[in-house]
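Written below as structure tokens is the structure these notes are about.
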Amino acid sequence: MQPDLLPGHRAATVLHDLRHASPLVHCMTNDVVQTFTANVLLAIGAAPAMVIEPEEAAQFAAVAGALLINIGTLTAERSDAMLVAIHAANESSTPWVLDPVAVGGLTFRTRFALDVLTLKPAAIRGNASEILALAGEQSGGRGVDSTDDAFSALPAAQRLAQYTGAIVAITGERDYVTDGKNTWHVAGGGELMTRVVGTGCALSAVVAACCALPGSRLDNVAAACQFMKRAGEQAITVSHGPGSFTPAFLDALYALNAEALA
Ligand SMILES: Nc1ncnc2c1ncn2[C@@H]1O[C@H](COP(=O)(O)OP(=O)(O)OP(=O)(O)O)[C@@H](O)[C@H]1O
Ligand SMILES: Cc1ncsc1CCO
Ligand SMILES: [Mg+2]
């Protein structure tokens, strides 16, 4: 049975809070998606900063509204900087979010992702193959893409949420967001969202922004998923392929309102 859909009015409240607070999001993310991620955060109304030098990362994680850790192009040096930033974030009660890009098949990043699971992430956002792998289940995955279905990964996500204390979001054709007990389902978007790089990575940054807000963290993370789904489907109606999708998507995030979320 499908979990309930997040009501549009809840997502609208979170969008209002997000634009009012405009949280500063400290992004430690991969090389492929830096500019797109910053633009997505700006378009929706948050404030990005990509700070990666270890000394500065610790300093900044303490003052940011939230920290994003995305392991898409992890290196030994970056993993050290990320660990320092996560510890600084935890000392300052800054929520931090994990995007476990391509975890499972590759040893170094998998070890890193499993290690940081014990450091109290506020949320984890990944595709189905990534969430299955992180929960220690058999998973597919082809590079950074999923070969598994999001709904079939929900039990693994629930266990992962219970083990880590994080809100876990699995994305795909439908998204599922769980705290281990209660689950929201988010529908919408379209296949074109997978034909440009970084929609998932940028969503994880929006999840981080929403973790900086007050209120139910489960609702806040599901709202972040809904923002991307709605903006994605609106952009698809006016675009002709991946090239025109990207600017239309940024415009749709900027124009997103309660009516569109209803
Ligand atoms: N088949 C689909 N139909 C509708 N929406 C989709 C589909 N696949 C993904 N999405 C949406 O695209 C966004 C990215 O999700 P996806 O699961 O592809 O992340 P990802 O694999 O981590 O992406 P990336 O690594 O490129 O950043 C989410 O908002 C998700 O809901
Ligand atoms: C394509 C790609 N390779 C490493 S990270 C990344 C961005 C999508 O996750
Ligand atoms: Mg990804």
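Backbone N, Cα and C define each Cβ position, glycine as well.
Listed in TrEMBL:
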BINDING   Met50, Gly198  substrate binding site
BINDING   Arg125, Thr171  ATP binding site
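What TrEMBL annotates, mapped onto the structure for a quick look.
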residue: Met50; record: substrate binding site; DSSP class: coil
residue: Arg125; record: ATP binding site; DSSP class: strand
residue: Thr171; record: ATP binding site; DSSP class: strand
residue: Gly198; record: substrate binding site; DSSP class: coil
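The Cβ neighbour count for Met50 (substrate binding site), using a 10 Å radius and every protein chain shown, is 15.
Cα separation, Gly198 (substrate binding site) to Thr171 (ATP binding site), rounded: 13 Å. Annotated pair Thr171 (ATP binding site) and Met50 (substrate binding site), C-alpha to C-alpha distance, rounded: 24 Å.
It is 19 Å from the Cα atom of Arg125 (ATP binding site) to that of Met50 (substrate binding site).
Other Cβ atoms within 10 Å of the Cβ of Gly198 (substrate binding site) number 23 in total over all chains. Highest local Cβ density among the binding-site residues Arg125, Thr171 belongs to Arg125, counted as other Cβ atoms within 10 Å over all protein chains shown.
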